[in-house]
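According to TrEMBL:
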type: DOMAIN; residues: 49-457; note: domain 'Major facilitator superfamily (MFS) profile'
type: TRANSMEM; residues: 87-108; note: transmembrane segment
type: TRANSMEM; residues: 120-140; note: transmembrane segment
type: TRANSMEM; residues: 146-166; note: transmembrane segment
type: TRANSMEM; residues: 178-197; note: transmembrane segment
type: TRANSMEM; residues: 209-229; note: transmembrane segment
type: TRANSMEM; residues: 277-302; note: transmembrane segment
type: TRANSMEM; residues: 314-335; note: transmembrane segment
type: TRANSMEM; residues: 342-362; note: transmembrane segment
type: TRANSMEM; residues: 368-390; note: transmembrane segment
type: TRANSMEM; residues: 402-423; note: transmembrane segment
type: TRANSMEM; residues: 435-455; note: transmembrane segment
Amino acid sequence: MDIEDGNKLTTIDTLHNDEALKVLAGYTGEETWTEKEESQVRRIIDFRLMPVLCITYGLQYYDKAMLSQAALFGLRTDLQLLKGNRYSFSAAIFYLGFIVGAYPAMVLAQRFPIERVASVIVMVWGVCLILTTVCHNYQALYAQRFFLGFLESGISPMFMMIVGSFYKKNEQALRMGIWYSCTGYVSVFSPLVNYAFGQAKGPLHPWKYMYIFAGSITIVWGFALFFILPPDPVRARGFNERQRYISVARLRTNNSGVRNMHLKKEQIWELLTDIKFWLAFFMAFLSMIANGPISTFVPIIINSFGFTTLHSLLLVMPAGAYAGTMQLLIPYLCYKYPNLRAGLIFMCQVGTTIAALLLWLLPIKQTGALLFACYILPTVGAGYAVLMGLSLANTAGYTKRSVASSGLYIGYCLGNFAGPLIFKPKDAPRYVPAFIVVTITSIVAGLLALVYRGVCMWENKKRDRTGTLEGFEHAYEDDLTDRKNPQFRYIL
C-alpha cells in the first residue's frame, strides 16, 4: 500500500508487516500522548465494543444452553431422548460441530472483514436455532445440534482476536471476563423467560416457543452486527485521526500486531511445536469436562432433589449469578495484580474440584450442601476466561494468534463434548462415576496451570540472560511471532 508523506510516496508492505503501519506512517501529528488521552481512547473502545460482545456472547450461551431448560418441558419425551445416552449425545454433538467449524470460521475472519463474517454467522445460526422446532426425532435433533455448533464455533475465537486487536496485555484479561461473564448472567434471566414460554398454550409444544423466540432475536441481532461491531483500530469508526493513532500506537507494548490478512503457514507450524500452546489446550480440554453438568445437567440434577419444574428453574439462577460474578472478579484481579493469571486459574480449578467432591460424596438428603456444590461448580468458567486472555497475550504473529485462538477453542469443545457423555442414565440421579471423572480432570487442569507458569518464567529468564531487554520498537515489523522476537516477554 502507498501512503503519501509530504512529497514522497511511502510504500507499506502489508504482506509481511502489520496493517497498523498504515496508520502510523500516515500520521503527521505529535507522536507522544498523555495518560488522559489514552484513557479517553480506551473509554471510547469500551463503550463501543464491550456491549456488542456481551450481547452477542450472551445470546450464544442462551441459544446453546436452551436444551437443558427445554428438557424440563417435554423436549426429551417428544424427540425420544429418554432412551440410553441420547440426551447426553444431543448435548455433546453440538461441540463436534464446534470443532469442525472453528478453523474455517477463523480463516474467513482473516481473509474477509471480521464484522461481516460475524454478522452472517449469527444470522444463519438464528435460522438454525428456529429449525429445532421442525425436529421430530432424536436423529433430526442430532443433525440440528451439529450444525448449530458448526455455526456458533467462530464467535469466541473471533472475539478473542478482536480483544487482542484493541487492548493492551494488562487490559485483556478483564475485557475477556466482561464478555465471558454473560454466560453466567444470562442464566439468571433465561429460566424466567423460558418458564413463561413453558406455560404457553397453543398449537405448538411449549419448548418450541422457546426456540422460536431465541432464534428470532438472534437473527435481528446478527443483522445489527454488520453495522455496529468494531473490527479493529485500523478500520473502526468513531475515532478522529489522533485517537486512531493513539489506539494503534499504544498497542506496541503487546509485541503482537493488530491486523494482517495473509495466512502464514510457518506461523502455524511454529504454534504446533510450542509447548505453551499444548499446555493451554489441555487445560481447556480437561477443565471443560466439568462444563458438561454445568450447561446440560444442573437443572435436571436439581430437579432430582425433589423440586418442581418451576423451582428447579429458579434454583438455577443463583448458579448463573455466581458464575457471572466470578467471571468478572477473577479477571479483575488479573488486571489489578500482574502475573497472577496462572495462579488464579489454579484456584478456580480448586473451587470446581471441591464442588465435584461434594456432589460425589454427600448423601442426597443433604439438599442444601448439594445445592451449594451445584452453585460453585461453575468456578471453572472464571479460570477459562483468564486462560483465553493469557493464551492471547502470550502469542504474537497474527496467523499464529488466530490459529491459537481456534486451537484453544477446540480444546474447550473437546472437553464440552466429553463432559455430557460421562453422565450416563444408569448412574442417575447422583452420577457418581461422572463426578469422580470431573474431580480428577479438574485437579490435573489446575496442576497444568502451574506448569504453564513455570515454562513462561523459564523462557523469560532465558531471554533476560541473553542481554536483550523487553522492548516494543519492532512490534509491527515483519509480523514477528513471540518465539522470533527476543524482546517479547510472557505473562505469568
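A Cβ is built for glycine as well, from the same backbone N, Cα and C atoms used for every other residue.
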Long-range environment of the transmembrane segment (146-166) - Cβ separation under 8 angstroms, sequence gap at least 6: 45, 49, 53, 56-57, 60, 63-64, 93-102, 104-106, 108-109, 114, 117-118, 121-122, 124-125, 128-129, 132, 172, 175-176, 179, 229-233, 247, 251, 254, 256, 258-259, 388-389, 392-393, 401-402, 405-406, 408-409, 412-413
Contact between the transmembrane segment (277-302) and the transmembrane segment (120-140) (3 or more Cβ pairs under 8 Å, separation 6+): no
Folded-back contacts onto the transmembrane segment (314-335), same chain, C-beta under 8 angstroms, at least six residues removed: 69, 170-171, 173-178, 180-188, 190-192, 294, 298-299, 302, 307, 341, 344, 348, 371, 374-379, 381-383, 385-386, 389
Contact between the transmembrane segment (178-197) and the transmembrane segment (209-229) (3 or more Cβ pairs under 8 Å, separation 6+): yes
